[in-house]
Amino acid sequence: MGDMLSAARTRMHRAAENLDLTDELVERLDYPTETLAASIPLRRDDGSLTQLKAWRCRYDATLGPTKGGIRFHETVNQDEVQTLAFLMTMKCALMGLPFGGGKGGVQVDSRELSTMETERVARGWVRAFARIVSPNRDVPAPDVATGEREMAWMVDEYGHLSGSIEPNSFTGKPVALGGIPGRTPATGRGGMIALEAVRDSLGFDGDGGLSIALQGFGNAGTWFAKAAVENGHTIVAVSDSSGLVRHKDGLDIDALIEAKEKEGSVTSFSGDGVETSDDGAAIIEQDCDVLVLAALGGVIGDADDVEKLACKAIVEIANRPILPEADEPLRDAGIDVVPDILANGGGVTISHAEWVQGRTGLGWKDDEVADYLEDKMQDAAQAVRDLMDQSGLDMRTAAYGVALKRICAAVSAAGTVEEFGKG
Ligand SMILES: NC(=O)c1ccc[n+]([C@@H]2O[C@H](COP(=O)([O-])OP(=O)(O)OC[C@H]3O[C@@H](n4cnc5c(N)ncnc54)[C@H](O)[C@@H]3O)[C@@H](O)[C@H]2O)c1
């Protein structure tokens, strides 16, 4: 087992120990059910042939078909794919969705691919893994460097291979091809709903505006920022891969989005009182109420990183931006964390709505999507709060606890040691 998965599982074990869950049920989640590794041949535009490493992991399907994105990234590896599939398992259970967890990846630098090469990689991934993908078995979605267009190619390839039209084999499709309106903003908006739902347990009484520093200004970050401003909060600093921009009285988010769309970076933004720096990593040192991590994994890795923080709470919109080694130093520093499996659960929640839409053949309206997101985020946050109240656990451990209890209940429903042990 890889180091990354091993580290990720420590949080599950912490929850299981605190809640006295039966070992044999939790052990079932120690290893993935199925991981398929493949080599995808890519014919480059210049005629040369390259072999790309690729994976699909179905981590656990106790609660339903496995669900999770496919990322194209030069550093992706089997350990990362399995770790992210493990997190999807916990997230889908916490969000109350009838899905298990999965993840896929191709080890490739997407920036070096032409559009036609990207299409060949997307179709090659489906040819390699079609045997485990299916609307009732394993349902992939976009992730890093994949989006609606890649899903359109993948659904098409899957239809050719299976001999039937199966748009429901993937989510995150373009709306014109069976996608759902509201999927793109769902992760950012869901993160805001989660923050509001737990704000008093983070120590923010009342409903006054909070000062927020935000790392990452892509899909999730921009939609979170818009929702935050609509709710009366102030974004005092934003970073992306180009660097950092800050304004002590709050940034004009619509203008910042426009500048990023036009110039490709937040540091191109200017105006009265706006400061920029090429040191994007300094965002974690920004004095603020809430630091929102919406870019990368492993940003806060240990006690040294925790010492740099000047926030009162953290919201994890990226997957695993805080590593387990930093959990205790954060607790000692009194910094509460809204964990990734809750804070970014809005994305897979609306993927579920898309899957339901595909199964019924009936389209969802914008307000139905928004209501579903609100309800699911509130329900998950409430379940976590209830367990925190009952057990005194921190928010992350309680979130894992809610997920584990649901998975364990489903496993136990097919018989327990007490029943089988009767002989
Ligand atoms: N989009 C979703 O639905 C969704 C769902 C669940 C989790 N997530 C997670 O949220 C994170 C962001 O996803 P996204 O869809 O917004 O991706 P994205 O590619 O749209 O945006 C990523 C952003 O991070 C920035 N970034 C990259 N390196 C950086 C660095 N060193 N410092 C600061 N910023 C940096 C990029 O400039 C960009 O603004 C990822 O970890 C992703 O796995 C996204």
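Positions of Cβ are set from backbone N, Cα and C atoms, glycine also.
In TrEMBL, annotation is done automatically, which means it is predicted and not curated.
Site annotation for substrate in TrEMBL covers Lys67, Ser351, and the matching candidate from Lys91, Lys308, Lys312 is Lys91. The recorded positions listed here are Lys67, Lys91, Lys103; among them, Lys103 has the most other Cβ atoms within 10 Å of its own Cβ. Thr187 (NAD(+) binding site) has a Cβ environment of 25 other Cβ atoms inside 10 Å. A coil conformation is recorded for Asp143 (site 'Important for catalysis') in the three-state DSSP classification, outside any helix or strand. Within 8 A of the CB centroid of the substrate site residues Lys67, Lys91, Ser351, the other residues of that chain are Gly68, Met88, Cys92, Met95, Leu97, Phe99, Gly101, Ala141, Gly345, Gly347, Val348, Thr349, His352.
With all protein chains in the displayed structure included, the most crowded Cβ environment within 10 Å among the binding-site residues Asn219, Ser351 is that of Ser351. Across the fold, the C-alpha of Lys91 (substrate binding site) and the C-alpha of Thr187 (NAD(+) binding site) stand 13 Å from each other. Using a 10 Å Cα-Cα cut-off around Lys103 (active site, proton donor), the recorded positions Lys67, Asp143, Thr187, Asn219 reduce to Lys67, Asp143.
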